[in-house]
């Protein structure tokens with residue numbers, strides 16, 4: 001069996017070497033010639049997998065180590081009898097950590113109390129849904145817009161217009177859909193962006209084209225009160241340099257790039273592959289993940305809650321480093337800038353998730369205990 005895979009997928013040998021030969025390619029370089037003799041194709045979001053890539057090939061299973069599937073032509077897969085799997089939720093926790101880190105940075109810049117903000121989450125799937133649970137757990141006011149879930153479940157969802165009118169912070173977590181009943185391409189267009197509240201914060205860690213980047217650039221030029229945090233870009237790896245300069249935080253599509261999330265994505269497509277072949281799983285992710293480099297953090301019961309929140313979140317992730325690295329990589333030379341974008345992702349430093357963090361409390365502190373629980377960290381006793 002020949003397995004063609006994106007070279008940046010972690011643990012390929014650990015999970016797939018037992019099935020046959022693995023050939024690795026840069027994700028953007030996987031083409032019809034490299035896929036022609038493959039039985040299995042393993043990709044990330046940078047590889048468009050469609051008829052043009054696979055027609056005439058031997059590929060019968062496609063796995064993408066991502067939550068999103070907008071780079072896969074699922075209609076063609078159905079017609080061609082190609083089995084496929086994505087990795088829903090694999091990096092959800094990493095994205096939540098990214099959003100929390102961004103909120104802390106913006107709060108420091110603006111001198112605002114995060115407890116007093118109103119949060120709007122657009123898209124409440126694996127990522128957005130987890131973010132909503134964390135924000136609710138912290139006791140913050142959250143409004144949620146998800147027309148797909150609203151139609152199937154009912155519940156306390158609101159319209160996008162309500163989010164724009166009432167929320168100080170808007171975090172986008174939708175898939176990219178160009179058509180259908182609920183398209184998300186340019187969900188925030190010029191008109192929608194113009195209705196942002198004074199002093200609004202906009203975070204996009206979903207897909208670049210969910211926001212009209214040209215319209216956002218023009219808005220930020222006109223309104224200094226609005227802060228934008230962009231991890232995803234229209235046309236990436238090429239980036240609108242002026243827009244990046246106008247963003248308060250700008251990063252190269254790494255919001256979900258925790259070590260745990262990336263390895264979890266590989267594990268999920270391995271599990272789907274085993275189910276497709278009707279074989280038992282021989283490898284477990286729990287046996288491969290390294291121990292958390294930070295053993296534990298201890299907090300005094302009288303610690304300031306705002307300080308404690310920042311300490312815990314930044315113990316695992318602070319977006320300011322990624323922002324600085326990204327800005328240093330930006331170049332007027334398009335080819336150089338595109339290459340730098342991919343290199344930052346390829347050589348991304350090890351980053352763990354807050355759920356692997358152990359936190360000890362010295363003394364009785366119900367508010368801090370609730371915060372630790374909401375963040376998903378492990379509350380442990382202090383001797």
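The backbone N, Cα and C atoms fix where each Cβ goes, glycine too.
Pulled from Swiss-Prot, these are the features on record:
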ACT_SITE  207  active site
ACT_SITE  236  active site
ACT_SITE  253  active site, proton donor
BINDING   45, 66, 257  substrate binding site
BINDING   146, 174, 205, 206, 207, 231, 256  NAD(+) binding site
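Maximum C-alpha to C-alpha distance over the listed NAD(+)-binding residues 146, 174, 205, 206, 207, 231, 256 is 21 Å.
Scoring each of the binding-site residues (45, 174) by how many neighbouring Cβ atoms lie within 10 Å, the top position goes to 174.
It is 26 Å from the Cα atom of residue 146 (NAD(+) binding site) to that of residue 236 (active site). Proximity to residue 174 (NAD(+) binding site), defined by a C-alpha to C-alpha distance within 10 angstroms, is shown by the following recorded positions from 207, 236, 253, 257: 207.
Fewest other C-beta atoms within 10 Å: among the binding-site residues 146, 205, that description fits 146. For the recorded positions listed here (231, 236), the lowest count of other CB atoms within 10 A around the CB belongs to 236. Residue pair residue 205 (NAD(+) binding site) / residue 66 (substrate binding site) shows a Cα separation of 13 Å.
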